[in-house]
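Notes to accompany the following structure.
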Amino acid sequence: MFAPVYLDHNATTPLHPEVLEAMLPYLREQYGNASSRHEYGRAARRAVDEARQQVAAATGAHATEVVFTSGGSESNNLFLKGAAVSLRPGLLAVSAVEHPCIARPAEQLARQGWEVATLAVDGEGRVEQGAYAELLARRPALVSVMLANNETGVLQDVAALAQAARPTGAWFHSDAVQVLGKLELDFRALNGAGVHALSVSSHKIGGPKGAAALVLDKRVELQPLIAGGGQERNLRSGTENVPAIVGFGAACALAARNVKENRRRLADLRQQLEAGLHHQGARIFGAGAERLPNTSYFAFPGVDGETLVGYLDRAGFAVASGAACSSANPEPSRVLMAMGVAPELARGAVRVSLGATSTAAQIEEFLGVLKGTLERLTSLTAMAS
Amino acid sequence: MKLPIYLDYSATTPVDPRVAEKMIPFLVEKFGNPASRSHSYGWEAEAAVEEAREQVAALVNADPKEIVWTSGATESNNLAIKGAANFYAGKGKHIITVKTEHKAVLDTVREMERQGFSATYLDVQENGLIDLEVLKAAIRPDTVLVSVMFVNNEIGVVQPIAEIGEICREKGIIFHVDAAQATGKVDIDLEKLKVDLMSFSAHKTYGPKGIGALYIRRKPRVRLEAQMHGGGHERGFRSGTLATHQIVGMGEAFRLAKEEMVEENKRIAALRDKLLKGLSDMEAVYVNGDLEHRVAHNLNMSFAYVEGESLLMAIKDVAVSSGSACTSASLEPSYVLRALGREDELAHSSIRFSIGRFTTEEEVDFVVKLLHSKVGKLRELSPLWDMFKEGIDLNTVQWAAH
């Protein structure tokens, strides 16, 4: 069976074997609806409660601050739209490098009477201090800045941004989907600095797809996105997806246990990778900023990213050109455009994101294959011109 | 025979082992994000998603392009009602639904009212079915949406969806149907039914929790305002990474439903008849909901002169529900039973038995015996029962205050 080396962990991650173990009973004999009063239901309810504790522990939150959703996109939609309904239309600020599941809801709010300001970023992808200060002077009601960018891995100093926003009274949200499991995440500390909500997702940390959470300061009043049976304290109705929630909880427990070691291990592997990339003439985006330890977003001048990625796949390496969610779209990355990268270079963008199954041997092999592929591609280009 | 006996299939169903088997590879080795276009992990996941889409479409005779994945029927109901009402708000802002709908519909319609829409909640007849004349009379020039569920989750009655579809199409009104309890139980042909939007759930049809779908008609084309924005998945109707394994599960569950429905319905009807016969030979027990226009799987019965909570506790060896799962935390009597005209007392003493694929004759026999025994005992302790046996009409009694 052709099983390419998987280097696309920011897109999704393989399920951790311990997570599968935790989930299986809930796909078999333990099938109760968590809202049912009989023993089947009560067992399901206990499982959901335990998972909630695990998610809370991994994010430095209290269990009552964890709202289960079906995905990171939903968590982001829930916060922005739910907050917007509670507040009167005002100013919403989002960074220029947010994931589409923040950017698109923001556009939707703009159609509903909100003013939306896009926070410019510098050449390394960090929110520009000057632009931010100007924005704060306009007293935003809502701010959303992601903790780590899914394409570049660049980190924002969300605690500092939130702290600066406090005097405005704005509700501050951060998409932390790419951070959980890679870096320590402490909602309590962030909340103390003025962050009111975080989005986290299961399938980025070795958990199953289909479960995620919005970690939410209880003082924030959100209008639910999904109405009905009243689950999640009325914030998110719908029969609880017990197996996925259990898997999410188990994945969180693992992530919390392994994060320190993980961080070091990934940083070493990425170091090895980028040494090789530099040697081959790659331009690495956001390298001047603090980044997630696992992500490397780069381009080779004159080499088309889509094409390179196609060759790499055939050679047995699964990587990405641009983000998964928009990889059907031939436009150059919005994130790179916001960083001022020239479109021709941006079109060369390739993302390698390492994870639990990544090894030094894989990186070594990848660099070798990359070298060969580049040689072929540049000679083909030479022949064509 | 495993205790407690599970007769709560309307609350949720076990994942059919054949479905679980299909799902697991997509949970484990084939874990790619279906939106990853750059490698075979993604393509493989995408192919599986599209195959499942065909399977869901096949059960209801729809085009796969008309099937949009959601996280469940609750979300589908929200998307259908909010999405259609908001898109067509220029044409009018009146919504019609029924008092016996699931909360996922009722609460969503109430939300629309808070946003400036007006709504009519139709009464039902004593048998739980809507009166088509009452529906017609409720339609106004500014009505844009009608929402009526196919099969009621509490009492199992089947509404006249085909006729309602004709009425709505004739008036250019969007018709949404919550079919969460219908798939695998009744025939659904969306080529024939003039339904514009239909919600589906996997976990009511032996599929996994956490996945559902919304049918959105293309001929004539129905438009919706999306509710979940982001990466543009599902042709912009519903953004968010698709959970491949859950989708594969729903596809397989619906494929099995298509193949096995006819045979299964026969078997379940026989079990239901046994249960009904066994329980009906007690005095003062009533079936809630029309006896003819119903699915075989559901039997909601009221046991007069028995206190509801005590009854539920007495039959702990059977997992059933009184009222819907989604509302069973509240001690309010079921609003569905109240809509049938049942007084609170009787509504409180009601049990919903729902039979399913894995229910056995042995289990039904056990339940009949158990109910006879417990109902008998509880009635022995009930002074109201004594009065009933003496022929006293309790409605004429003047109760003294203490």
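Here the Cβ of each residue, glycine as well, is placed from N, Cα and C on the backbone.
Keep in mind that this is a model prediction, so the values were computed, not measured.
Record features, source TrEMBL:
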DOMAIN    B:5-365  domain 'Aminotransferase class V'
BINDING   B:ALA73, B:THR74, B:ASN153, B:GLN181, B:SER201, B:ALA202, B:HIS203, B:THR241  pyridoxal 5'-phosphate binding site
MOD_RES   B:LYS204  N6-(pyridoxal phosphate)lysine
ACT_SITE  B:CYS326  active site, cysteine persulfide intermediate
BINDING   B:CYS326  [2Fe-2S] cluster binding site
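Neighbour counts of Cβ atoms within 10 Å were compared for the binding-site residues B:THR74, B:GLN181, B:THR241, and the top value is held by B:THR74. For the binding-site residues B:ALA73, B:ALA202, the ranking by surrounding Cβ atoms (within 10 Å, all protein chains) places B:ALA73 first.
For the binding-site residues given as B:ASN153, B:SER201, the lowest number of other CB atoms within 10 Å of the residue's CB is seen at B:ASN153. Distance between Cα atoms for the residue listed as 'N6-(pyridoxal phosphate)lysine' and B:THR74 (pyridoxal 5'-phosphate binding site): 12 Å, as a whole number. Filtering the recorded positions B:ASN153, B:GLN181, B:ALA202, B:LYS204 for a Cβ under 8 angstroms from any Cβ of chain A leaves an empty list. Per-residue confidence over the domain 'Aminotransferase class V' (B:5-365) averages out at a pLDDT of 96. For B:HIS203 (pyridoxal 5'-phosphate binding site), applying a Cβ distance below 8 Å and a minimum sequence separation of six or more within one chain yields B:THR12, B:THR13, B:VAL15, B:GLY72, B:LYS209, B:GLY210, B:ILE211. When Cβ atoms from all protein chains are considered, those within 10 Å of B:LYS204 (N6-(pyridoxal phosphate)lysine) total 30, not counting its own.
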